Structures are given as C-alpha cells and as structure tokens.
Amino acid sequence: MAREALAVPAETQAALKKKTAAARSWILFDSSGEGTILDVDKYAIMHRVQIHARDLRILDPLLSYPSTILGRERAIVLNLEHIKAIITADEVLLRDPAEENVVPIVEELQRRLPLANVVNNAHGEGRENVTGQHDVEAVEEDESPFEFRALEVALEAICSYLDARTSELETAAYPALDELTSKISSRNLDRVRKLKSAMTRLTARVQKVRDELEQLLDDDDDMADLYLSRKLAGASSPVSGSSMPNWLPASPTIGSRISRASRASAATIHGNENDVEELEMLLEAYFMQIDGTLNKLTTLREYIDDTEDYINIQLDNHRNQLIQLELFLSSGTVSLSIYSLVAGIFGMNIPYSWNDDHGHVFKWVVILSGLISGFLFIFIIAYARHKGLIGS
C-alpha cells in the first residue's frame, strides 16, 4: 500500500511535466520581433488566431500531413516539413521552438521582423520636418506586409534546408557511385542502395514543397487570401474603421498599420483588391530555388540510373564470358568422350585373337583417337566463332 501511495504522485508529476512540455510548444513573435513562450492549449491558439481545429491539426507533429500553405480569413497556416507556424497580420506563432532545425528560424525571425519598426519609431517620435515625413511615407510604401516578411523567412529556411540536404546527399552519392563502377562489391552495392533510398525520400519532400508553391502561383484567389494586411485594411477603413478586431493585441505599431491600411483600402476601392504581384514575385523567387534543388536531385537520379546501366552492362559482359567458358568446357568434354569411347571399347575384357603379335596397334589407336578428338574440338570452336557465339 505504501508503494502504491508513492507511485501515484510520481505518475502525477510525470503527467504534469508532459502537459507542461506540450503546453510550452509554441513561441509568439510580435511585430517588434520579441519572442514569448506561450503556456496555452490548442483551444486558446484557435481562439487567438481564429482558425478551425482541422487547420490546427495540420500542424500536429504526431500526424503526417504533407507540406501545406493555407490562407484563412485572419491567418496563414504554414506546414513546411519541420516549420509549423501560424502567421497573422502582426504575429507569428511557431511550434516547437526548441527543436534543432527550428532554432535557426527563431533567430532569423528575431533578426528580420523588427526591421519594419524603424519607420514606426520615427512616427512615434513625431518628426516636424516635412522632408522627413515624406521619407517615412516613402519607406512605408516600399515596406512589405508583416505576413510576407514572416512567410519569406519560412520559405527561405525550408528552401535552404532542403538544398543543404541535397548537397550532403550529392557529396556522399557521387563518390560512392564512382567507387561502385570501379569495384562491384556487396558493400558498395548496399551503400548505393541506401543512398538511393534517401534520395527517393528527399525527392518526394522537395517535390511536395514545389507543388505547393506551384499551386499557389497558379491560383490568384489563393494568393489573395494570404494578404492579411489588406483584409485588415478593409476592416479599418473609414466606413468600418471604428470597429477594430478584438483578437488583435495592443501594439505600438497599430497607428502605422492603420495608416497603411487606409492606403490599401483606397487601393481596394479603386479595384486593386486582386493585385497579387508582390506575393507572386516572392513565391516565384523561392519556387525557382526549390525547382533548382529538384533539378539537382533529378540529375543525381539520372547519374544513378546511368551507373546502374553501366553495372548491368558489366554484369552482362561477365555473364557472356562465363557462357563462352562453359562452351569451351562442353566442347572439350564432347571431344574427350570420343577418346573415352575408343578406350572403353579396347578395354573390354573379351578374349580375341587378332591382338596377338600386333602390339603396335595400341600406339596407333591412341594417336588416331587423340587426333580425332582434337579435330572435333577445333571444329566445334570454329563453328561457334563463325556463328558469332563467341568473340574473335
């Protein structure tokens, strides 16, 4: 009973640790690049970013979902290999920030997201210089939306990651293939088999990311759904600008976003709500990069196929040589069978009188039998060479 009483708190403590680890699997980045670990469950995440449970399920690491980029009303759901994030108009929620492959993305988001706040700080200081105000407005016009900056970090990270894995595979594969062509052995064959399996898996991963980007580029409506700042601009326009969404946290950059939203709202009124050129240029850049990675894997696959063809040719050549050797041995066996036949006939233990006083007959029988066997062997080989069955 005492052991059971002690075991219950231990199990409870382990469950609490597991729950805490699961709850602290998200990190929040605001528009200033500050990262905050969130101690919340999935329902709080769903309420914060206004997405459905099926969209959040895509980011579950226990489920094997392919690479996906989904545009929702107030968020972008991003599932690219190990990068599982939710991007809103002013926040980025990144899953599993302590993972080895995610740590560089966390550092990159902290470095690149605050770049847009230089202009906002200048706004907050209330400059009186008219020229300075024009410069600030010009920078704001050229500034990319927050969600695109975060999306660019994720795309750059996944493209660089897959390209690095491809380079590592090339570094290991090409020497192994060259070694296999010089020496065919079980060790080299097993090594190339493992590399080919790794290449097949990596190609499937790269192909899925490429297909996802290609699908986005082919559909302007899907790209328009990723313009979260434009949707925020419509919500904060003079007609409906008084009602700010209650899910947006207080931020020092709200005023700057509203000013940009007003200009975006004006552009929307003039019929530019379907203008996706900026996002299209961003996706095309990384589409070309991931397509280049896929081309490297395609070239590697072709090199492996060429190596396999070369090895098959070598094996066929060795097989042909063995067949020729077998033909020589079979021809020699047939020729010697004639010699054995004569020896068997004269070796019978049958009494006969014609062998008396004719001892020289044994010598001529041996010589003639040998000559006939040799001529028969030469005739078979010459006939096979004439028909092209053996090499010259």
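Including glycine, each Cβ sits where the backbone N, Cα and C put it.
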May I ask you to indicate which of 164-191, 192-219, 248-275, 304-331 is given in TrEMBL as coiled coil? 192-219
Could you please provide the mean pLDDT value for the coiled coil (192-219)? 94
